[in-house]
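See below for the structure under consideration.
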């Protein structure tokens, strides 16, 4: 299984799970990152981190190490 | 008076709606015991008054942040008559997540479906009647920025106040979870657990593992809640996730039935702007450019134009008051007290207003337009390599104007670690009040290198702030987590009214917080300088002079161990703008000007001047900043800590400069 930070720019994928160890797990869930949701990698900040994703019609930014806790198809 | 509370996601237009409802009839304060801003206002509608409370903008109503706890406690404990839930129509799916939690609370909710104009632009059509039916609550379409739909929203709210208990839709969590919720609810009702929260809501929160609610619940109930949780957990999904998932499932069903949007997301203006502003190569230079413009404009308009005008006005006013008092033969001491003591204090406060106002105006425009989120996004990686958060840069930048709003700007940082570090290092950012001190010393000793030295001092402040941030991150807050999960809101044109109201909020809160302190201390300082009665003002035998004499030996290794320099630094702890005036009085008997520069040339050497400038850059911040730290951290301990450690850092570095400089034969 891949994690979200490994996905290339412009790719679309579906969230499978969020690691239970992630300290921002609840925050991500509240922001709509739950299993089954579709996300698109929209952009990367100038130094490649954080990344910008599109989900549920809005843009969310998160650091790569936070994205590494999100597993995708 | 009936109360209407506003809740909604950040960027949903909640504040714009609040402004539309209350106009200028509003005031800002703090929620008791916490550092969350409380906004209240009065709505006048058909000869009746309503109290409008603007709750903090949140994505959820859990225990994730102080904001969320404040918002949910207000709804459940203070029981407003109606809760207006502001929902961004262009982003309905995520916005309704908060709505589901309001439904769980069993309060009277009205949804204000806001930004309908933007939704139309994006070809999103929403069946409002159906949405209202599916949610089980009234839904009113609004465009808060154009005051569309506001009247209908108010009328619906008033109707709801007089209605009995409004039947509401419940989220279907599925049989298994509903059973456990009911079971827990019954146990809570039959127990002697005494809270102001509804028992069904407590049951849901316990299953969600809400830390705050778990803490106030007794052990037996908690144990049963854990068992209930185990019962509903399925492979890889614990109860918390299942409940969040069910809420989104509930929303998904409603959205499917009521919202039609184009299949392919159309490329919006926001996307196009972001292509440039967050561009791989252009993102950072553009950020630097925007900040430079903000900085230049702040000082050009705020300081050079407005502040000078104000100062001139203040001087004329003081002079006419003085001549009036002399004409009526008022006692000399009273005249001095009114002109130097009181008007001096007022002047010190007013002097800062233009700078702060312009800075807030510009930063407010950046914030409301959506750029601030981008700034944090493009800066985060660089800041993180220094142990800081992307948003910390903003608070440091605001600190260049004044550290009080700089520290208040750290409120946007979510994690405690990031916020505490941002607060503790902010005093090293050289504020506007310190600038005149450098200017006097530079014109006394380094007039040819003014720009270079000035730039170096500011840069050195940033450097020390960053180094201390790194140290704190590795020591005091080691192991605590820092995170960056942030929405990028669409770009929007700030409204003139919203921007001005926001600026006024900030300026008036600065006047209240810092203004009263500065005024008080400048006045007290003056009193200390003329007592005991009959003494030559600002002489060594005044109380102020005696304090300076006692402190002076501490600064000997730094090269400025005179009572006068100590008095200047002491005055700086009460207010940095008092340093130059105090030095002027003790050295030359004037507040500023060429005489002071000559006196400084006699009393300092180039090396001790440099060491003194670095000391004023780094040592203990002024009383207003210390007070702000106490309020913002809710802790006297952190305020005292900041006062002491900054002094230590300033002393060590200025001693090092003087001693090492001496070794190299400099003087």
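Just so you know, glycine gets a Cβ as well, placed from its N, Cα and C.
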Correct range for transmembrane segment (source TrEMBL, candidates B:452-472, B:473-493, B:536-556): B:452-472
Which listed span TrEMBL calls transmembrane segment, if the choices are B:317-341, B:342-366: B:342-366
DSSP three-state assignment (helix, strand or coil) for residue B:14 (GTP binding site): helix
Pairwise Cα distance for residue B:14 (GTP binding site)/residue B:23 (Mg(2+) 2 binding site) [Å, integer]: 14
Feature contact check the transmembrane segment (B:281-301) with the transmembrane segment (B:607-626), CB under 8 Å, 3 or more pairs: no
Intrachain residues whose Cβ lies under 8 Å of the transmembrane segment (B:421-446), provided they are six or more past its termini: 303, 352, 355, 387-389, 391-392, 395-396, 399-403, 406-407, 410, 413, 453-454, 457-458, 461-462, 464-466, 468-469, 472-473, 477, 572, 575-577, 579-580, 583, 592, 596-598, 600-601, 604, 606, 609-610, 612-613, 616-618, 620-622, 625, 629, 632-633, 638, 641-642, 645-646, 649
Binding-site residues listed as B:20, B:115, least Cβ neighbours within 10 Å: B:20
Spatial separation of residue B:19 (Mg(2+) 2 binding site) from residue B:115 (GTP binding site) - C-alpha basis, Å: 15
Neighbour-count leader, CB within 10 A, binding-site residues: B:8, B:23, B:56: B:8
Distal contacts, the transmembrane segment (B:342-366) - CB-CB under 8 A, six or more residues away: 290, 294, 297-299, 301-303, 305-307, 310-311, 314, 317-318, 321, 372, 375, 394, 398, 401-402, 405, 432-433, 494, 499-500, 502-503, 506-507, 510-511, 514-515, 518-523, 526, 575, 577-578, 581
